[in-house]
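> According to TrEMBL, the record shows the following:
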DOMAIN    A:65-115  domain 'NADH-Ubiquinone oxidoreductase (complex I) chain 5 N-terminal'
DOMAIN    A:131-421  domain 'NADH:quinone oxidoreductase/Mrp antiporter transmembrane'
TRANSMEM  A:82-101  transmembrane segment
TRANSMEM  A:113-131  transmembrane segment
TRANSMEM  A:137-157  transmembrane segment
TRANSMEM  A:169-189  transmembrane segment
TRANSMEM  A:209-225  transmembrane segment
TRANSMEM  A:246-267  transmembrane segment
TRANSMEM  A:279-297  transmembrane segment
TRANSMEM  A:332-353  transmembrane segment
TRANSMEM  A:374-393  transmembrane segment
TRANSMEM  A:408-433  transmembrane segment
TRANSMEM  A:454-473  transmembrane segment
TRANSMEM  A:594-615  transmembrane segment
Amino acid sequence: MLANAWVIPLLPLAAFVLLLAGGRRWKEGVAAWVGSIAVLAACVWSLGVLAVVPGGTGRKMEIPWLSLGDTVITMGMEVNRLNALMLLIVSLVSFLVHVYSRGYMRGDERFSVFYAYLALFTFSMLGLVISPNLLQFYIFWELVGVCSFLLIGYWYYKPEAKAAAKKAFILTRIGDVGLFIAVILAFWHTGTLEISGVIQAVQDGKVEAGIVTLIALLIFAGAVGKSGQFPLHTWLPDAMEGPTPVSALIHAATMVAAGVYLVARTFPLFEASPVAMDTVAYVGAFTALFAASIGLVQNDIKRVLAYSTVSQLGYMMLALGSAGYTAGVFHLMTHAFFKALLFLGAGAVIVALHHEQDIRRMGGLWNRHKGAGVLFLIGCLAISGIPPFSGFFSKEEVLLSAWQDGRWGVFAVGVLASFFTAFYMFRLFFLVFAGEYRGKGQPGPVSSGMMWPMGVLAALALLAGFAEFPGGWLSHWLTEETGIPAGHGSAPVWLPLLTVSIAAAGIALAWGMYVKQSVSPEQWRARAPWGYRVLLHKYYVDEGYAAVIALPYKGLSIFLRGFDRYVVEGLVRLATAAVQTAARVSTRLQNGQVQTYALISVIGLVLLMIGLAAGRLF
Amino acid sequence: MPVTSYLALGAILFSIGLYGVLTKRNAVIVLFSIELMLNAANLNLVAFSKFGLHPSQVGQVFSLFSITVAAAEAAIGIAILFALYRNRGTVEADRMNSLKG
Amino acid sequence: MEMLPSWITWAPLLGVLVLLWIPRERTAAIRWVGVLATLPSLVLSLLLYVSFDTGKDGVQFAHSLHWFYLPVLGEKWDFQYSMGVDGLSMPLVAITGVIVTLAALASLYIRQRQKGYFLLFLLLEVGMMGVFLARNLFLFFLFFEITLVAAFFLIGIWGYVNREKTAIQFLLYNGLGSACMLLAFMGLLILFRSLELSRLHEVMHHSGALAQLSQSGGDTLLWGIFIALVIAFGIKLPIFPFHTWMLRVHAEAPPAVVMIHSGVLLKMGAYGLIRFGVELFPVQTQAAAGVLAWLGLVNILYGAVLAFSQRDLKRVLAYSSVSHMGIILLGIASLNVYGLQGAVFQSVSHGFISALLFYFIAALYERTGTTQIDQLGGLAKQMPVLSGIFLAGGMALLGLPGMSGFVSEFLAFLGLFETRPWVAATGTLGLILAAVYTLRAVMQTTFGPLHAGRERVKDSRWTEAVPMLVLLFFIVLIGVYPDVIGKPMQLTLQTIISRMGG
Amino acid sequence: MQWNGEFLAFFLLSVMAIGGAVFMIHFTRVVHMVLALAFTFLSIAGIYVLLHAEFVAAVQVLIYTGAVSILMLFGIMLTKHRTSDHSDSRSRHQLLSFVGVAAFFGVIMWVIYHTPFSGGKAETAKYTVANLGEWVFKQYVIPFELTSVLLLAALVGAVILAKKERDA
């Protein structure tokens, strides 16, 4: 089971090929079954792998891929405990999303294409997870990017989807190039592409400190692009143009977490460079607060969740940057469950409301869709950090690692972001489920096929925290024989109290504003209208990019087009014109008169003779 | 007499002939000039048969051949001229530009 | 078996013979004979690929015949008809066989004077195969000129509106390149009294002979020859600022010819640079590597920036070719086995990719009558299969891993990062820009709402879809398992590099 | 340089030859030109005598001074000749021709006077007509016969060219 773990990604790949070949001929049910069964098999297999995986470097397998001089680049798999955990998370969430999509995508004319894309994504993500070397990692890294692109642009005829897909691809590509350079630098400075080999070389001090920092920062650049960290975060909220199951799978639970996973996977590299650690921590903290503050005022249900994702990813980065390896991974896991749950819940709401996404036109759904409401509430409680939901434990771990690493500023930012999170999540919850229905028409039903995956996720969101508490079982399991410090000991007593009370304060504020309506949001808005506008426009980052990068680039391109047309080609024309003039002059000599021809011959002869005799003259 | 004098004479005659070929509009005169150039060449042949590196009477033989050919050339030339004259009514060289495409 | 290279080269003439006997009115017969006539070469080149011994260094299937003597100053200069294949030419021969056959299928779009078209087309194949297989510079030159003349007529007669001007520009530029090449070859002939490649290798890699040569002032001449060769093949590649002819050809030639042009003919530039630059002039290449790297960088960025603002799909692809050829230059300039392998990989991969994309363009033009980006849009609705193929081709173009473009880009940059990290780092900017222009081109045509007046566009027929899928298959094959072409070339390239002492 | 008889003869003859040639170029009436040319040919025949080529001299007189000149006269008389009008481009052409020919002449003269001719000693006593005959009919008999064919061809050709119009 363990030795053949490389089959796990191939299962969804087979499904992809089948679905592509089957095309539109297959009925919806067949396509959904093919995809779901393949992923279920992968999921079961992953569970088996998780049960038997040994600690330390785990199990490796590789085959030659490309011979280059004396070096042979290999492809293969490596399963250690981190990988195995990721395998399970990815395949599990993917399976649930597969099941859920059957209901969500009902009636779509490219149904089987959607499942094919989902299968391809699952394949790529699983391949990414078990990559033993950086190159393979990069390959799958790009593949998940392209799947994300395809799925964001799934409704290709919508101009917004088209723009969002393009933006997602290009912005992540910017980060990817950083990773690309990092892979090459790692190869030249350590002589290998194996992740374990690179780490070994760095730990043995074979690489200069400056180079290690550079490589770590470039890897982090890749992670920034993929995980939507500032300043490359803007694609992630736009990516909500894709179908909601996609947002749940790719843009909440798995792909965006790949950046975090990457940092975790190469964690010893970061540990070796204080600068890199600082960068990760500060970028993570800044993103956490930044995105959370934008999330406060957004009105699209999926966008609120998207900013919340960005913010939570910032949390994970923050944890990793503060040396909280297990805290980061733990939060990654819990977040995968509760954020997927939230997205699927949002999807259920959207389906029920006939594809309405604006929360100002929702409300009062608690009575009609109690099941969805409860599940969504579980997700909200988990993300806000209310015990005993999983988010509470992981968030506390994160803040604890920041505190113990001595990063007060980061800690304070984390606490503030946690307050924001609680507020906007419950703002969302109350606006959607409490009060009166503000939309048009009647809310429709939600199929049970969509409900029970949410149920599974809710259970996980509720229980996943107990993998770590009490006793730090997860940390020990993850770090056994890896040389990475397991945890930070026990937390001070005041920390859980602080986090819970902060979260409760956020929830209370949201309650006050949107249920009891004792605090008027309009008043707050009126007090700082410019602040509200800045938040609503997401700090004008998109506009800034357009003005600073996109426009000048377009200008440069148009300028160069003129340059190419008039200067480069002009030079060519000049040359041809010169030749043509010469030709025209010589055609005039061709007047058909023998004497002229003879004269020219004579002159030519004379010149020739002078040329020959000139050697003797001098 | 040094050979250079004969060669110089040949060169002078040749150049005059050449000038005639290039400038005279009357095709008959052009033919004359060509004959003059041929004579200049003959002169060189004969001169070298006496003063050459390996003097030999073969030079004279060649000049004989050359004279023969020149005679034939003159005959054909005049004949072509006649034909042209009948066709185009002129023997002026600068009117003959049918070479021009 | 030993004569395989010759068979491959001359096999299309069989088709020429058959074609000559078919009356020009029987267009259907002419078309199918034209397509079938490319098959012998394809089959033979695949056979060559299979029987090529990857474990052996040097030229295989070599054979040479005495051709003629040139008596010069009491010596006899010997000219041989020699053919052979080594690891460098092997992938290129294989790709030529494949692309020519597929381009012949794409030539079914040709509506007029099919007989002449296919005659010239087959002649072009003879030239291309010969270029890659000739082991004598004189022979090489002859084949090179055959491709030039055949391509000239193909562009000039069957192209779009400005075809004649384009063909003339094509001929002038390439004629200039050929003149430089001829001068260089003459220089080599005078210096070494032979144009046999094997003989030239012996001399050029024999340090004693070289030292003697440089003492007698041959160094300057060698440099002159080297520069002339770089110019000759640089025009073909093309290197900025010699690229304008290539843009016109891309925009004006019939798509099937562009498939060949962009897929194979441009690669002759890369092949020449490696074969006659790196392999024959290691010292000079080493000294000029910096210039080559900068030229490559300019090519990459210039092409990428310009591709972004073009309105014509064909021009976008043309500029992207400029950009991709820059990667070949970077690979060559890196002077190590990684980079060189990257350059060859890029030649092969870009050959397949551009052939695929121009096949798509041909199909698109057939349906819509335009390739202007702003007159297209939302085509995925009407032609999902073709759009999917275009999307896949675009992904290959921007270097998506799992497809051939990535392998070559990775290798080229891997190589260059060893020797010139800063140039390489700047060059990676091209990867981002490639995504920008490719996505713009792909998404403006196939995504978004359907452009008005395109409601009746039909999806692909099987005669179109199959060749495109075959190309896509090769692209993915190389991307997934690059050793298929990496293995044959590896030893040869390693030898080239080891001779360089690097 | 010595003032001997040979030199004097050469000087006179060459002056006559050049003078004839110059006049030929310079005269405006065609008949005068022919006469001047005949004069040149005659002088050249004299120079041949100086060079011990008596037979060639005789042939020169017979063929050039006699046959060719008469042929030319016929040519002149059978065609019409207008007095030439000098146009602008014509004079430019003449000037260019003069410059070209002068340069050519200069180069030739420079070469002639800078080339060291180390002539062997000719056995002029052997340069007899009999000897010449032997050369022609022994070693060069085939070219000789070929010239006869050439002459025949020229004869026929000339007749056909001259007659053609009337038949057509």
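Start at 1 and count along the chain as shown; that gives each residue its number.
Glycine too: its Cβ is placed from the backbone N, Cα and C atoms.
What you see is a predicted model, and the numbers here were worked out from it, not measured in a lab.
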> Is it the case that the transmembrane segment (A:137-157) and the transmembrane segment (A:454-473) touch, counting contact as three or more CB pairs under 8 Å in which the residues of each pair are 6 or more positions apart?
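Contact between the transmembrane segment (A:454-473) and the transmembrane segment (A:137-157): absent, because fewer than 3 Cβ pairs are under 8 Å.
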> Which one, A:246-267, A:279-297, A:374-393, A:454-473, A:594-615, has the most C-beta pairs under 8 Å toward the transmembrane segment (A:82-101)?
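Answer is A:246-267, with the largest number of Cβ pairs below 8 Å.
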> Where does the mean pLDDT land for the domain 'NADH-Ubiquinone oxidoreductase (complex I) chain 5 N-terminal' (A:65-115)?
86
> Treating G and I as helix alongside H, and B as strand alongside E, what does DSSP give for the domain 'NADH-Ubiquinone oxidoreductase (complex I) chain 5 N-terminal' (A:65-115) in helix, strand and coil?
29 helix, 13 strand, 9 coil
> Quick test of the contact rule: Cβ under 8 Å, at least six residues beyond the ends. What residues does that give for the transmembrane segment (A:246-267)?
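Same-chain contacts beyond the flanks: 82, 86, 89-90, 93-94, 97, 100, 118, 121, 125, 128-129, 137, 141, 144-145, 147-148, 151-152, 154, 179, 195, 198-199, 216, 219-220, 222-229, 236, 239-240, 280, 302, 305-306, 309, 313, 316-317, 320, 325, 328-329, 332, 335-337, 339-340, 342-344, 347, 484.
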> Which range out of A:332-353, A:374-393, A:408-433, A:454-473 gives the transmembrane segment (A:279-297) the most CB pairs under 8 Å?
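The stretch with the most close Cβ contacts to the transmembrane segment (A:279-297) is A:408-433.
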> With a Cβ cut-off under 8 Å, give me the same-chain residues at least six positions beyond the ends of the transmembrane segment (A:169-189) that come close to it.
134-135, 137-138, 141-142, 145-146, 148-149, 198, 201, 207-208, 211, 214-226, 232, 234-235, 262
